[in-house]
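*Asks:* Sending over a structure as structure tokens; questions will come in a sec.
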């Protein structure tokens, strides 16, 4: 057939998903920072002697008070979310190293669990941050006094733990976003 041009079409075949260095580094980062956040909050404790005025006619009574992480359920939740995310990060890192992108089903499960970790960590961070704001500012409407002026070290350590945990949240968020961007670029 003369005059008919033959154009070859390149057929793109899906390759198995290779585990990228960025994926491994983000999982390692998520593991490290969620572990650090959990440890920092788990050792957060401060004792102070606080003067309590019982009556105007009596001198203040000095009472030792201790602030501990397990006294507030939001902080307990924060610790548990970081422990779960830390455990998941190390397990997914090991699976990524062993599997090396061979099983599509496993990577689908990991992608779903990565998104779950984002939600879990951000909810834990939000709960802890809400308690932290109450600690720093109090709430005059319900007569909750601020406590961070008394337990400064405790509050600073809690704030540092929340900040470190946010890095873990962002690492998991990137683990969700990057594959989506790569998939979009292929199409």
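Cβ atoms here come from the backbone N, Cα and C positions, even for glycine.
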*Asks:* Same side of the membrane for residue 75 and residue 184, as recorded in Swiss-Prot?
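*Replies:* In Swiss-Prot, residue 75 is across the membrane from residue 184.
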*Asks:* Report the listed stretch (23-43, 78-98, 115-135) having the maximum count of Cβ pairs within less than 8 Å of the transmembrane segment (158-178).
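*Replies:* Stretch with maximum Cβ contacts: 23-43.
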*Asks:* State the residues, same chain only, that lie 6 or more residues beyond the ends of the transmembrane segment (23-43) and have a CB under 8 A from a CB inside it; answer 'none' if no residue qualifies.
*Replies:* 69, 75, 78-79, 82-83, 85-86, 89-90, 92-93, 96-97, 117, 121, 128, 157-158, 160-162, 164-165, 167-168, 171-172, 174-175, 178
